[in-house]
Ligand SMILES: Cc1cc2nc3c(=O)[nH]c(=O)nc-3n(C[C@H](O)[C@H](O)[C@H](O)COP(=O)(O)OP(=O)(O)OC[C@H]3O[C@@H](n4cnc5c(N)ncnc54)[C@H](O)[C@@H]3O)c2cc1C
């Protein structure tokens, strides 16, 4: 029950537009039950949430803020094993520079990572091919393959090694409910985070980094555009038939979805193979030998081709050759797989998701909570790290300008800058997926010619690369 | 075109005559004083708005959101920190004079990032509003000092005193602009910086700035501006240079009405900001 005096004050404030103090929530949570108040609570300590905590905690402008990171899973101790984990990500140059600025990258380098210096993408239904090479496109590596758990460990090592006094991390945190801040006259009130053990936290700014099924996003009640691809990403650690320098990422477009090999070391690569759900289940049930055969088929098998498409593609090649442009005929042959690491096979559902709003009063979403893409372009977590960078910079700028971290102008700037980058990427990735999961000759022809042309035109290729790395 | 002009003119006339605020201010007998830049009827104009100053959606709405460009302007003009050395109080130990501080919207914001702000305004009423708000603002620890004074009076005991002087949306209400600029520069330490924001004297500013925003859209209170008193960037630069200031930057400011957001832009046709350093 509200005390009459409180009620009167609240009414007075709402009637009076010159309210000086931001209205507190019409509290169903009494002040005394709140265990602790924070400036920022980050819900979800995956790769994106942890990196955000590190970025906020290290920022000198925010050193006065109290930050809490809530992660559902227990605090795992990490040990670098000789075997690679089956969950890896391809990190682009922008992610590397963020990680470098936070001094996280050195921990990854000390452990292990594999640079990607060459990338070859080709169509199973035609001879079309596109290749990217680090030397002529970026003057730097295209990407780095890093294991998910190693990346998380590197962030945690950095968090532990530097004194970030204003950051607290709670592992094994079960969040039961959110009561989000209400906006009044453009000022946000408090967010309440209730834990299943009865603890209650309050914060000015709540950041949802809780993955594709984000409960924070659901509490915001925003529109979420999503669909399932009815596909699963089958992953495994592959041992290659031959030892090589192995700095090439391979991707072949099969009519059922792309199969990709990401290099791990001289003789091992990580598999990400997108297939329809039934096929994924079948692949998981095969014996290791049968699975290896299936992967080799996916990389090498000739698919039935349309004569017309063949003729057009070879005509295009000859035109490009005459014009002195790369015709894509010089192709490298993909590796063969000898065997797989036992127990490394797994499948993950793939989907598309776009949260129409990334923000609400006093709330912001980052990473997969805000956007989810098909892994075919290896963009997922890189978009999330882009969110981390922009949000950190904008919150720091708000304080440096004397505003609250929840000020709507800065949150809106975060939303629009990120959506301007993320949405086109998501749409392009989705379009590629649609374009390549058909084998109708006219479409195969169109995409093949498109791919050949793109491959031939250096500036276009460069543009694609530079978008994919930012 | 002619039609729109007539409509705007009609709006203008109708509202000027109907506006109790302006008719009141027109009856005020301005005391002619050669040594002051303060124009009584202009003071009167502002005092009427009283408490509305601090309502974020009230008549001073655009002044509140204007802080989003005014603070970076003053801050980056006075201090420059690399990203990794920034702190929440970049203007710590900087003495700033806010000339024509009104209800204190800019003064409080500058105080919040550490500055020692003195706000002066010729209107007693407004100084009281500013004082009251700052006292009641519990979150504001570093309070500005407010004085009911003109800058000429203030100069008597504050020569070469401030690191920064800000006259935001003020000079367009001042009669004797030459004296005003001279006085503002005199309170500044050598090497200190002075900042102005003001509407330009262009047709665009007249139509968009005055007619549309004051009369049609009601974004700012009617009768706030008088076109003939506007000053162009060239004229203001000239006045500054003549008072031993080196003009370092002039840029345009644009107000997006729908989003209630200000931004720095190239064209200076509507409102502009100017920054100058006192050389000796
Ligand atoms: C097969 C596959 C391959 C991929 N390959 C790539 C690639 O090559 N490159 C790339 O960039 N991306 C890739 N991705 C995408 C990438 O894995 C995701 O984008 C990334 O994991 C998103 O990170 P996140 O931190 O936003 O979310 P998540 O990793 O989902 O983390 C969310 C965290 O929040 C925690 N959490 C959730 N709810 C709660 C709660 N209520 N309380 C407390 N904690 C909670 C979870 O425990 C989890 O730790 C791939 C994805 C798949 C499925």
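Any Cβ shown, glycine's included, is placed from N, Cα and C.
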B:70, B:121, B:168 bind S-adenosyl-L-methionine per TrEMBL; candidate in B:100, B:104, B:191, B:192 listed for that same site: B:100
Least Cβ-crowded entry, counting other Cβ within 10 Å, from the binding-site residues listed as B:121, B:172: B:172
Residues in the domain 'Methyltransferase type 11' (B:97-196) grouped by DSSP into helix, strand and remaining coil: 39 helix, 29 strand, 32 coil
Site of maximum Cβ density within 10 Å, from binding-site residues B:70, B:100, B:168: B:100
For residue B:70 (S-adenosyl-L-methionine binding site): DSSP state (helix, strand, coil): helix
Of the binding-site residues listed as B:70, B:100, B:121, the one whose CA lies nearest the CA of residue B:169 (Mg(2+) binding site): B:100
Cα proximity to residue B:173 (Mg(2+) binding site), best match among binding-site residues B:70, B:100, B:121: B:100
Nearest recorded site to residue B:172 (Mg(2+) binding site) by CA-CA distance, among binding-site residues B:70, B:100, B:121: B:100
